[in-house]
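Q: Summarising the annotation, TrEMBL assigns signal peptide to A:1-25. Summarising the annotation, TrEMBL assigns transmembrane segment to A:35-60, A:67-87, A:93-112, A:117-134, A:146-170, A:177-197.
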């Protein structure tokens, strides 16, 4: 059959979720609540949201390998931080770390800083630990931990993507300015969180 | 030859007892769909499916030719084994996430693996999904139907995913696969951390 | 054309021709399919209600579900049980101080089945609300003011469910896919099928045309066998009107399948005054379900082809499998119609 394959695949991908309407199985039940609470969790903290978006934005200025390396490294290290939070490993001044991450990453975007790749990775990884720690400490105790983790990681990833998409404005000169301005706003927000003004 | 074809077709028909009475058997339809969608609705199975699909798709066509049948075969084996053994409750989930973590790790690293290793990993993932998806229906007819549907569902899903990934090999797509791999890996890390705390 | 194919042809032709006169003769007493249970609640003066509780018979067994009325409910008249072919109807009258609004009616035992319950609540002024109760949540909280959206979603979902659990309709579509080989032809064929079954679904729903379900089901099965035979002929390099213009066949048989859909929709019942909406949504649901099926099947086949070389005989084997199954159904249903 000479059907256009990619179109076919895309359609199927879009329609498969709809199929679940006929699944009378109880498999999905209970998972929904954990997924949603996990998804909402990172979106509730403004400091967290801003730092995530900044990661995406900064990747744009850093160019080719960084634009994917940062969103790959961040979830992994964040997950490790989450485990540290769950285990209850002592980590000093988590909230300060998160606010600092917004300041530093926001500044990097605002200045259009072109740090070496290893430095950017280490910096982002370092802050990711704080973000993960804060959420890991609040992971639910019961059976839907997996759905919670899933929702949590997806939300974080979506925030990165938002940053990357917004950052793609930076191809034009006014766009660059807008992106750098956004970085400045994020850094200012971070200062606000650090000093307790916001 | 024609006669053998008719014979083969007849055997196929007899193998699907639920299909033999199209209407009048909504129960069979329910059993079929619950099996079909089980791998897509249970988070651990879905993650394992996604990771193995990404992994096979990024390893080239020959890898898929080996990996897909091995995967589907081991789903069937897992379903049969799980029906015979009584395993610890969380073991299939742990296995599925371990497979997902290993597969996504190699996606992130972007390294092609030797075919023997690839087959082992695909088989391990399939086995985990099969063990996790063992139906709990009453009659053996319904259980068989649900199991067959699970093999079909996970097989179709892995084929579609693998074909899609291997057909989309532009740079941006490849970045997307790595990011997806890191998300899956992060979920697995969080889950194992949570498990360690329990 | 071989002897086997000719034989199948003859069989199908006999079925189709032999059945047309029978359709007029045999009454609507023919076997029904499994369908949802059904609870109708109508107000009967202040705080009093009549309840009509119809449960389907599954191979002669009544549904093991018991109504769980609110504790305050007083039974005014003992339940009257009336067996019907294929279902049992139980009527009773109850009184609930303060009315039913905000109360809960449970369906004990429903969670152990796969049957849905369609609840219709009359408002005493000719209007009705419809709700669907599923085994995963075997109770309903009565809220007499239900919006159009709820009705629309209920029927949309029933439409999707009906086509995705109706193996024979799916198999017909699958056999069409075996004949159709490119996108344009697929589009034409599916559109023709859709238009045709929408026409008869609407006509039958408004009671303008009616056919008994038994013979319709038999003819539906025969139609699948016919298309499967054509698919085999096509593989052999033969050409025919059906192979060249599959959309014509899809249209003709689509008319037949529409009656099958109408049977399911009539079994569901309607919200009073909203028949067009329910019909539209049910039909849309059927189209969605059909597209899901086509998309999944084609995507899977396309994906397999990317990875493995598909043996040339695959179409032939599938055609034979579909043809055998459909012929079996046709005979089975033929027999069920007479017993």
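Even glycines carry a Cβ here, placed using N, Cα and C.
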Q: Would the transmembrane segment (A:67-87) and the transmembrane segment (A:177-197) count as touching if the test is at least 3 Cβ pairs under 8 Å, pairs 6 or more apart?
A: no
Q: Using Cβ distances below 8 Å and needing 3 or more such pairs, separated by at least 6 in sequence, tell me whether the transmembrane segment (A:146-170) contacts the transmembrane segment (A:93-112).
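A: Answer no, regions not in contact.
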Q: The transmembrane segment (A:117-134): which same-chain residues, six or more beyond its ends, come within Cβ distance under 8 Å?
A: 42, 45, 48, 51-52, 55, 58, 62, 65-66, 69-70, 73-75, 77-85, 91, 94-95, 97-98, 100-101, 104-105, 108, 156
